[in-house]
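Scroll down for the structure; my scribbles are underneath it.
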Ligand SMILES: NC(=O)C1=CN([C@@H]2O[C@H](COP(=O)(O)OP(=O)(O)OC[C@H]3O[C@@H](n4cnc5c(N)ncnc54)[C@H](OP(=O)(O)O)[C@@H]3O)[C@@H](O)[C@H]2O)C=CC1
Ligand SMILES: CC(=O)C(=O)O
Ligand SMILES: [Mg+2]
């Protein structure tokens, strides 16, 4: 990033008001009568109604359209463990994206908790406030324990975006890229750079969809994940390879898919010729990818390339998923976001790119653009329908066409 862009980013965050989100009142407060309704004595009526029927909170408060974006700042983008305060611009940003793209109210909570246990206690206590919990930028392996325990304890959707949001968008991109490349998921070989929250979830979802686990090689900062690694969780051990420790350079030959969810510049240009014909390169580290698309194009014009960034085509970023999956989940009162809902989101997202849109389906358009107004109308009803079919909807929607009309009004032009 050059100095001019860096200054523009700081100015954007600072002016005209510091930060990217603010709360506003949704009701008039013009006079004493409004105040009597909003506050004392009228507010007591709403409190009593909720005390006698907790479900009525969705009528008398903003809870059912309110999501918390929560982090402890331990794996912020690719910036590492920069702590909860420094993570705040990202979390405010995610909150703003919820509002902008899906009409969901969200605020960010950066929690200074040095242990998973403390983090879990704080978040679990927030259930009365929120309709859903979006966990963000929490490092592996703590993120797995945290999400599992919160899902167990809370009756509202708890979704670690870096795992599942990323996996959904990645799986849609892989589906479409392989279609263009005339390759089958069951036949391809995939090598990762990164074996953290995002990479493991992406691989897991692809394996659920038909990628043989035996065709996956995980690598991280210490090289290939081999069976003699100590301290591995079950979700990493599942992909650990036999054999001596080696580096990415030694296992990348013949790989059809490079899945980068790690750090800048890890995929060096001299490794590109080693990849299989027509490779798919997902260089998804933020803000700086594992390799820049222009470097790939110069060496491998047969490759399809995606990054997590907004300034290149094929933005494979969880932004394409999290606002819309929560929209669908909140609207039917889902108690969780389950596997069926995630697969429905993958299919809806992939289909949208194949239908065209601002660009024809091609190697530079394997995934829709984040500003595509069709996203909400395609993903949220698919997610809501899957939730209803899988028995996690507490408020099923009968009129899905009417629901689509409501969503169309939220979509940005
Ligand atoms: N495009 C998108 O939508 C998304 C992109 N990301 C990006 O993916 C990256 C990882 O995020 P996340 O999984 O949440 O973080 P984690 O901290 O959970 O995982 C990071 C992983 O990358 C590995 N790693 C770090 N540095 C290197 C390196 N130089 N070479 C190889 N591997 C390395 C780590 O290894 P070790 O543990 O040994 O340090 C770890 O396996 C970030 O850059 C993030 O911005 C994440 C989510 C969504
Ligand atoms: C996009 C995102 O969530 C990340 O890079 O962490
Ligand atoms: Mg993230």
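Placement of Cβ uses the backbone N, Cα and C atoms for every residue, glycine included.
According to TrEMBL, the feature domain 'Malic enzyme N-terminal' maps to 18-151. Annotation source TrEMBL lists active site, proton donor at 39. The active site, proton acceptor feature in TrEMBL is assigned to 94. If you look up TrEMBL, you'll see 136, 137, 162 marked as divalent metal cation binding site. Summarising the annotation, TrEMBL assigns domain 'Malic enzyme NAD-binding' to 163-388. Sequence annotations record features per position, and here TrEMBL assigns (S)-malate binding site to 286, 317.
A map of TrEMBL features onto the structure.
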residue: 39; record: active site, proton donor; Cβ contacts under 8 Å, 6 or more apart: none
residue: 94; record: active site, proton acceptor; Cβ contacts under 8 Å, 6 or more apart: 69, 106, 108, 134, 136, 161, 322
residue: 137; record: divalent metal cation binding site; Cβ contacts under 8 Å, 6 or more apart: 71, 73, 74, 75, 76, 77, 87, 90, 91, 162
residue: 286; record: (S)-malate binding site; Cβ contacts under 8 Å, 6 or more apart: 77, 78, 308, 309, 317
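For the recorded site, residue 94 (active site, proton acceptor), the DSSP three-state label reads helix. Cβ neighbour density within 10 Å is lowest for 162 among the binding-site residues 136, 162. Within the set of recorded positions 39, 94, 162, 286, 317, 162, 286, 317 have a CB atom less than 6 Å from some atom of ligand 2. Around the Cβ of residue 317 ((S)-malate binding site), the number of neighbouring Cβ atoms within 10 Å comes to 21. Proximity to ligand 1 at the level of Cβ atoms, with a cut-off under 6 angstroms, picks out 162, 286 from the recorded positions 39, 94, 136, 162, 286. For ligand 3, the recorded positions lying close by, meaning a CB under 6 A from one of its atoms, are 136, 137, 162; the full candidate list was 39, 136, 137, 162, 286, 317. Within the domain 'Malic enzyme N-terminal' (18-151), the DSSP-based counts of helix, strand and coil residues read 67 helix, 16 strand, 51 coil.
Cβ atoms within 8 Å of the centroid of the Cβ atoms of 136, 137, 162 (the divalent metal cation site) belong to the same-chain residues 71, 75, 76, 90, 135, 138, 160, 161, 197, site residues excluded. Summarising model confidence by region, the domain 'Malic enzyme NAD-binding' (163-388) averages a pLDDT of 97.
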